[in-house]
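Q: Take this structure, written in structure tokens, and hold onto it; I'll ask about it next.
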Amino acid sequence: MQKAFRNVLVIAIIGVIIFGVFSYINGNGNTPKQLSYSQFVEKLDKGDLKTLEIQPEQNVYLVSGKTKNDEDYSSTILYNNEKDLQKITNEAKSQKGLDFKVKEEEKQSVFVSMLTTLIPVLIIAFLFIFFLSQAQGGGGGGRMMNFGKSKAKMYDNQKRRVRFSDVAGADEEKQELIEIVDFLKDNKKFKQMGSRIPKGVLLVGPPGTGKTLLARAVAGEAGAPFFSISGSDFVEMFVGVGASRVRDLFENAKKNAPCIIFIDEIDAVGRQRGAGVGGGHDEREQTLNQLLVEMDGFGENEGIIMIAATNRPDILDPALLRPGRFDRQIQVGRPDVKGREAILHVHSKNKPLDETVDLKAISQRTPGFSGADLENLLNEASLIAAREGKNKIDMRDIEEATDRVIAGPAKKSRVISDKERNIVAHHEAGHTVIGMVLDEAEVVHKVTIVPRGQAGGYAMMLPKQDRFLMTEPELLDKICGLLGGRVSEDINFHEVSTGASNDFERATQIARSMVTEYGMSKKLGPLQFSSSGGGQVFLGKDMQGEPNYSGQIAYEIDKEVQRIIKEQYERCKQILLDHEKELKLIAKTLLTEETLVAEQIRSLFYDGVLPEVDYDAARVVKDEDSDYSEGKYGKSYDDIREEQLEEGKEDMREDRKEDNDMNRERRHRQRDDRDNQTGHDQLRDGSNGDNDQHRGHSNNEEDTGHEQSPNIDKPYNPNDPNNPSNR
């Protein structure tokens, strides 16, 4: 944009200079004094004029010359004023000291006439093209007309090369992408096996989980060209531009094959066609159609691998997700506790941390945080430390940053009455006591009555470990914990406030999900009741969200939700009445301390004593021999490849062992059969036929009396040692 503005400014300055020179040449550089007709006649009559020149021009006579004081002057005489013109001419001729001339009308040159006509047209055309190119995002200069050119940027792997070891908390996702790296490095072994590498890989996951970073790591490991573009860069105000940019993108990719094309937020262009409001957008549909053809159409895109990222796979067009286009979908989820610790090490490598900082403990306190959330957490902690003039980031800074990220900045200057503080303290104490009693699912980490964001206070409840499933008792405990604040207000003040609205919203949502989604209602049974539209209106889906159950079922669902909430309300009330002493003690302590951490809460609840927490006394022993100290935060390409080769070798060893065991067993059976056959022949040679048959039966109970057992109604088994064809 700045370059385009400079170009326009230079052109404008050049135009002004040319116009000024042209005006100077035509006007000889002098600006004469303009006289009215009466002033001119008066000076002529007085004899004040030294020279006089009359020249016809268009509809007037131009009068110019010099006065006796050597001042330039000019005036005009209208064409229809012939009488005055004749009078002025006679008067000028009669004056002896006056140099009088009459010139013929000068015809304007063709060049000047064309220039005068074309300059406004050229200026308007230039401004039109410039603003049009700006609307298209093409910039100025030589890119003005490049509407259909791709906006993809080619990433240079040599400047900021990202490796698999730089990506933390996504080891399984890297294992899924390892074949892409191998194919870009050397595709001979895949061709020998007749394999077809996936043409496209769709990275699906919540925002901030590292989908773009994984794509860059694939390009960095393979050393291949990496084209990066956003899905919104294809669709513009003109129809056909998006399809043209798709064609140009693949043409550039073919010139640099093998390479990677990465489309971020592909749902902007890959939304399902003709669905919902805005679904029938012609430009987007044309762009998507061109993308589908380029990925898997009549043309061959050998060596081009598409990687796309989205957090809304449900709205993508089915044609985009079929095999041959995006063959593989990789779920990039939020990291577990080990992944969060590795990510914290990645983002803390350029930050001075105090000895009190325990990144493992922080990872345990941040369940559900994505990589972007953890980076923001440490950045907030560094800003807090810098604001307070510290040289290092300590654990208190990280605790404060965690509270800011979860609940917002503290509103310590907010004026709150004593009554409101008392209500908030008992409200949060109710949550805390329920959390201490029902700690199967979650435990209390911190409780505060300092206002943050929209909340007057909050209790931080953390799960004991990362959870992927929740049982019915755990969900009921969660509802009970959410109701603890309102029940505590009711018990202590016999009146309720508006502070529990968010608690009710969350509790009701959990109860409704238990009934309609999880099948946890004994009355309605293990059924799922959902709307046909998926429960939400989105521009890529139909807006109709009609329920697929009757009004009577809807009434029963509401009754079941009410029953669950009422039962947990009464259960919560009984728990708080049984622990009323602890409830009042925690509320009283909150009014004086304002914030309590887990260690203090446990001591108050079990011992009735408030301990002092010394953050500076904690020292974390760091393992200098760990991979983090060597700058390795995740499994590298070599580590993953070595693990896969080792797994392959282990499978081969197990298969070989199985084959050896089977061969050994077959040889044993064959030897036993030969021994039995030899004994049978000896007995038959030394006795008559009847005795032979009798003795044969005594040696082999399964012998039928035939030299070869008949193979009647028995399927052929190649491993059967009793089958003569296998001997």
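The backbone N, Cα and C atoms fix where each Cβ goes, glycine too.
Features from Swiss-Prot:
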TOPO_DOM  1-6  topological domain 'Cytoplasmic'
TRANSMEM  7-27  transmembrane segment
TOPO_DOM  28-110  topological domain 'Extracellular'
TRANSMEM  111-131  transmembrane segment
TOPO_DOM  132-727  topological domain 'Cytoplasmic'
BINDING   GLY205, PRO206, PRO207, GLY208, THR209, GLY210, LYS211, THR212  ATP binding site
BINDING   HIS427, HIS431, ASP503  Zn(2+) binding site
ACT_SITE  GLU428  active site
REGION    645-727  region 'Disordered'
COMPBIAS  645-684  compositional bias 'Basic and acidic residues'
COMPBIAS  691-706  compositional bias 'Basic and acidic residues'
COMPBIAS  710-727  compositional bias 'Low complexity'
Q: In the structure shown, which of the binding-site residues GLY205, PRO206, GLY208, GLY210 has the fewest other Cβ atoms within 10 Å?
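A: Selected from the binding-site residues GLY205, PRO206, GLY208, GLY210 on minimum Cβ neighbours within 10 Å: PRO206.
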Q: Going by Cα-Cα distance, which of the recorded positions (HIS427, GLU428, HIS431, ASP503) sits nearest to LYS211 (ATP binding site)?
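A: If we rank HIS427, GLU428, HIS431, ASP503 by Cα distance to LYS211 (ATP binding site), first place goes to ASP503.
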Q: Work through the binding-site residues one by one (PRO206, PRO207, GLY210, THR212, ASP503) and name whichever has its CA nearest to the CA of the residue listed as 'active site'.
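A: In terms of Cα distance, the residue listed as 'active site' lies closest to ASP503.
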Q: Work out, from DSSP, the number of helix, strand and coil residues along the compositional bias 'Basic and acidic residues' (645-684).
A: 40 helix, 0 strand, 0 coil
Q: Of the binding-site residues HIS427, HIS431, ASP503, which one has its Cα closest to the Cα of GLY205 (ATP binding site)?
A: ASP503
Q: Which of these recorded positions has the least crowded Cβ, counting other Cβ atoms within 10 Å: GLU428, ASP503?
A: ASP503
Q: Taking the center of the Cβ atoms of GLY205, PRO206, PRO207, GLY208, THR209, GLY210, LYS211, THR212 at the recorded ATP site, which other residues in this chain have a Cβ no more than 8 Å from that point?
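A: Going along the sequence, the neighbours come out as LEU203, ALA309, ASN311, VAL332, SER370, GLY371, ALA372.
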Q: With GLY210 (ATP binding site) as the reference Cα, tell me which of the binding-site residues HIS427, HIS431, ASP503 is the closest one.
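A: Minimum Cα distance from GLY210 (ATP binding site) across HIS427, HIS431, ASP503 lands on ASP503.
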Q: Could you check the binding-site residues LYS211, HIS427, HIS431 and say which one's CB has the most other CB atoms within 10 Å?
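A: Neighbour-count leader: HIS427.
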Q: Cβ within 8 Å of the Zn(2+) site centroid (HIS427, HIS431, ASP503 excluded): which residues?
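A: Result: GLU428, GLY430, ALA459, LEU482, LEU483, GLY484, GLY485, ARG486, SER488, GLY499, ALA500.
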Q: If I take the Cα of THR212 (ATP binding site) as reference, which of the binding-site residues HIS427, HIS431, ASP503 has the closest Cα?
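A: That would be ASP503, the closest of HIS427, HIS431, ASP503 to THR212 (ATP binding site).
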